[in-house]
């Protein structure tokens, strides 16, 4: 029996997985699409039932509104009447009712954090939650501070709540440069752990440390040039960000703190930060799939880690619409080797265009030179899972192939223990196969790699495999290089494919004998 643990790629908390894989969409009635909802919000109809008034909502009042036709939900201190939205919600009415009459912030963050709810529900805003008066402290129970030190038990509790020890920062200058130094106190910091944005006078640097974000957010006291450099001293966890002064003057201070400056917060509380990226090129890959190339601003340092995704944001009929996508390499045939210190100014996406969709047609209509907003990366996949890996099996359907691109690149380039990489790629027809020529050429360039194409609706001349993911197909596919080889299995595609794939993995006979020590990975890539 194949052993597939519950870990997933991306992890269950990843928004990319949640959007298309972690919850099922329900069929919506005719006239209940996202575009229909946008039209309704702009019709002038009273969607709150309060005739335009905003009120202060107590917890007692919120609890009263817990029915489908009278449903209020609190998100981050603001209360919305979501009853009019019930029939338009892709996750169905039951999903919304889970938070009826209560604070749904945590539930929202688990499932919808990437959604711009302020824009989507702005016409449903009832008001703000009333602030509860602070309870008076009991003097006898108050924890006392002695010589600036917390009692041991309280100090331990505080550290447990705060997670890793907080980094610190400093800065120094020369006549022409300003260097900001972050001391992370971690030894596994890499260039893709650091995200830097300089917009106007605002400077924002976010360092990802496990599940936390350390933020430097400051309004600089003087002007700097657009380009800068980022350097990592890995063995001590030090980050150096070097800015170029516009004028060779001495700075008396670095600047003025902005929101959350010099703070360590849970990553989910850091918010999604967006920057404008310009469309540089767009080329056809299949009849309905395009390779988009966007250029990052010169004042941004952003590298998306393997197995993670970002969100693209467009304004459509005055409403911000957001969708998650996994960046890819520009080609599978670029000798796999990326520079040790890459100057990543371009970001690529393989995106399937759905003619009846709302987002992808607008994306496809962008002209060269137009802009789209790109968020910070999200996801929990760790390349440490590749350590001493010998066999890598990849199962992909349609655009579920896109997370595999960088994963393939990394594995074949950086894992010396790797003996075999096999990709089983499911599509409807031959015309739907993304980068088929690249994949076939790769099998000749690297003998460790092999690909099998499986079609569900082939023409009669097709000589390859056909059908849907099944135990029979996988039992032949999952042949290991040796009986005890270390194996990683990744699966990505639409929800039905992912669910059936995991079931098939559990039922497929292992080869040659005995349980296969696989790490089960499952995800669904939105298209």
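Backbone N, Cα and C define each Cβ position, glycine as well.
Fair warning: this is a prediction, and the values are worked out from it, not measured in the lab.
What TrEMBL records for 1-16 is compositional bias 'Low complexity'. Positions annotated as region 'Disordered' by TrEMBL: 1-24. Here TrEMBL flags 54-130 as domain 'Cytochrome b5 heme-binding'. As annotated by TrEMBL, domain 'CS' applies to 164-255. Annotation comment: TrEMBL describes 272-384 as domain 'FAD-binding FR-type'.
Secondary structure by DSSP for the domain 'FAD-binding FR-type' (272-384): 8 helix, 50 strand, 55 coil. Here the domain 'CS' (164-255) is broken down by DSSP into helix, strand and coil counts: 3 helix, 55 strand, 34 coil. Residue counts for the domain 'Cytochrome b5 heme-binding' (54-130) under DSSP, split into helix (H, G, I), strand (E, B) and coil, are 31 helix, 22 strand, 24 coil.
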